[in-house]
Amino acid sequence: MTAKILDGRAISATILDRVTKEVDEFVREHGRVPVLATVLVGDDPASHTYVRMKANRCAKVGMQSRRIELDATISTETLVAQIRQLSADPEVDGILLQHPVPEHIDERAAFEAIAPSKDVDGVTRTSFATMAFDEGGFHSATPGGIMALLDAYDIPLAGKHAVVVGRSPILGKPVGMLLLARDATVTYCHSRTVALADHIAQADVVVAAVGRPELIRGDWIKPGAVVVDAGYADNSGDVEYDAAAERASWITPVPGGVGPMTIATLIAQTIRAAYEHEREKA
Ligand SMILES: NC(=O)C1=CN([C@@H]2O[C@H](COP(=O)(O)OP(=O)(O)OC[C@H]3O[C@@H](n4cnc5c(N)ncnc54)[C@H](OP(=O)(O)O)[C@@H]3O)[C@@H](O)[C@H]2O)C=CC1
Ligand SMILES: Nc1nc(=O)c2c([nH]1)NC[C@@H]1CN(c3ccc(C(=O)N[C@@H](CCC(=O)O)C(=O)O)cc3)C=[N+]21
């Protein structure tokens, strides 16, 4: 069997086309352009690239981005104060704090300085809770993008055994919650998991969210499984792609899979925030 491709590039383009129309309508209706603020701490080149891609994608759909770049040595207090200022700024609709921040900074405290109404990247505990309770808040961007990609191809999830590898607060943990909400039976694996290969071999759906190139070997994959690779370390996924594609029914490429869906989700949630923002003013 050769897996079919879950084409994140194509599906994200469809989403961005829709958002372009929504932005156009928003501008006509409200006489202003939605604004996404991006906050980057330090000078990690990969993080710079991701933030630049997000800003470019904003421009493409007609939204504005405001880039805030901070020195790697700033304190948690300074970062929190900066983000609070964006939270209070009536011109800003969405805020993205690029993860990871330098180790001396309390990342959770920085995320929590984002006003929940502007948490278009879905990283606050408010967003996590509304997502977990299925109350319609903003989804963490990558998990939201993964679900949108699976839905675009009508991948069935109810009753399926989903194995999520990784449990970080903005990726592994929330994607498992979203799969659970769709009636999948969910197993989380992480760095202390014993016999990862045996868990993967049981999975109808595998979501890899670790950041270790080719950690997941192709011959672990159950024939016919759906493989979603969110890993993005050194531009490489977590799954041994060619060998996995021989066994899987569907697979995401890297690049061209989860990455573009993440950005599309962020952008789609930003126009939604802008509309909600205007509704509050009215
Ligand atoms: N494509 C996209 O849009 C995005 C991609 N990413 C990529 O996804 C990857 C994960 O990101 P993120 O969740 O932020 O990373 P973190 O480093 O925060 O989390 C990594 C997770 O992997 C687990 N892990 C580490 N080693 C192993 C192992 N040997 N076996 C099983 N599990 C292991 C860790 O377990 P433990 O909890 O026990 O430490 C942890 O839960 C990265 O490559 C990142 O670049 C991230 C966000 C968006
Ligand atoms: N608060 C926060 N939210 C994030 O969503 C977040 C983050 N921090 N930190 C870093 C990771 C990484 N990430 C990517 C997004 C898009 C691509 C992407 O679109 N990649 C293209 C390839 C682009 C290229 O390399 O040319 C693709 O996969 O096709 C990759 C990686 C978001 N992240």
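A Cβ is built for glycine as well, from the same backbone N, Cα and C atoms used for every other residue.
Here is what TrEMBL says about this protein:
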type    : residues               : note
BINDING : Gly166, Arg167, Ser168 : NADP(+) binding site
DOMAIN  : 6-121                  : domain 'Tetrahydrofolate dehydrogenase/cyclohydrolase catalytic'
DOMAIN  : 140-276                : domain 'Tetrahydrofolate dehydrogenase/cyclohydrolase NAD(P)-binding'
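Structural mapping of features recorded in TrEMBL.
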residue : record               : contacts (Cβ under 8 Å, 6+ apart)
Gly166  : NADP(+) binding site : Gly172, Cys189, His190, Val207, Ala208, Ala209, Val210, Gly211, Ala230
Arg167  : NADP(+) binding site : Lys173, Gly176, Tyr188, His190
Ser168  : NADP(+) binding site : Ala209
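Listed in sequence order, the residues Val164, Val165, Pro169, Leu171, Gly172, Lys173, Tyr188, His190, Ala209, Val210 complete the 8 Å Cβ shell around the NADP(+) site centroid, once Gly166, Arg167, Ser168 themselves are left out. Helix, strand and coil counts from DSSP across the domain 'Tetrahydrofolate dehydrogenase/cyclohydrolase catalytic' (6-121) read 61 helix, 18 strand, 37 coil.
With helix defined as DSSP H, G or I and strand as E or B, the domain 'Tetrahydrofolate dehydrogenase/cyclohydrolase NAD(P)-binding' (140-276) counts 57 helix, 24 strand, 56 coil.
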